[in-house]
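Features of the protein shown, as given by Swiss-Prot:
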type    : residues                                                       : note
BINDING : Gly124, Glu125, Phe126, Arg127, Thr128, Gly129, Lys130, Thr131 : ATP binding site
DOMAIN  : 45-74                                                          : domain 'HhH'
MOTIF   : 242-257                                                        : motif 'Nuclear export signal'
Amino acid sequence: MAMQAHYEAEATEEEHFGPQAISRLEQCGINANDVKKLEEAGFHTVEAVAYAPKKELLNIKGISEAKAEKILAEAAKLVPMGFTTATEFHQRRSEIIQISTGSKELDKLLQGGVETGSITEMFGEFRTGKTQLCHTLAVTCQLPIDRGGGEGKAMYIDTEGTFRPERLLAVAERYGLSGSDVLDNVAYARAFNTDHQTQLLYQASAMMAESRYALLIVDSATALYRTDYSGRGELSARQMHLARFLRMLLRLADEFGVAVVITNQVVAQVDGAAMFAADPKKPIGGNIIAHASTTRLYLRKGRGETRICKIYDSPCLPEAEAMFAINADGVGDAKD
């Protein structure tokens, strides 16, 4: 009896900390058919429903205004969404996991590594190490927490066809991990257009509700937007679509506590101001991507295989630089 009570207590504790399955709403008096409709529309957790605007629920066929209000009211009871003290928030922040980048210098710059529960954007020219960092993180996120990992699987959305499993095997060997296990723990998808890229996030949400993921990579988040939308005439449509995509990424980071890493390309400034700028290149996506990313890292080439990473924007990290190297076994420290 005592044992059963112990297991029940453990189960409620688990529900409290992790995302709650959408089926929980049935226990709160929501019709099973309505819960099924929510699931089909891409809502797999109570958190996803609670964070959604009412307008989004009304777009689901068969959900009336009265139903939407009832669903949101019940979801709000299960998900704490009100004010909290800064002390409590500070306590929650201390539980955030940092995933190692593979380079001690880079980890020191990021005060531990890539943060879970937020979006980290890496931008730079070609050959600056963006994709290599993504490959290394896809392996390190599987390590135990005491070794700088996130003890979870990785999800990789590739828009440019640059994903190479061989690189993961080389990094796995360096950390003494089984190559086949590492590859099994990486869910890979190739995105072919911007709508497909967004659609993949609905699938990602369903997979994250089923299994423990620590990292979601989108390499690159903006490449397809440059080809699917062209010219100034389509700029506002492009930015709206991009904003929606980034909002979904942020929601996944909030809902499942995963680290979201996106890469971005740069564009050369060709206006008059570029003559006076120290570096005439800037990340594409404008203010929309600048506001969505929590931490922005600017990567540039150094000598030989070395690369330099600069904190371009962060709410808590000071502006500084670190040097790292791209080795045969992934990202590591630069040799002096």
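Even glycines carry a Cβ here, placed using N, Cα and C.
Since this is a predicted model, take the numbers as computed values, not measurements.
Same-chain residues with CB within 8 A of the center of the Gly124, Glu125, Phe126, Arg127, Thr128, Gly129, Lys130, Thr131 CB atoms, the ATP site residues themselves not counted, are Leu299, Lys301, Arg307. Gly129 (ATP binding site) carries neither a helix nor a strand DSSP state and counts as coil.
A C-beta separation below 8 Å, combined with a sequence spacing of at least six in one chain, links Gly124 (ATP binding site) to Lys130, Val266, Tyr298, Leu299, Arg300. For the domain 'HhH' (45-74), the number of residues in each DSSP class (helix H, G, I; strand E, B; coil) is 21 helix, 1 strand, 8 coil. Annotation for Thr131 (ATP binding site): spatial neighbours Thr162, Asp219, Thr263, criterion Cβ-Cβ under 8 Å with sequence separation of six or more. The predicted model assigns the domain 'HhH' (45-74) a mean pLDDT of 93.
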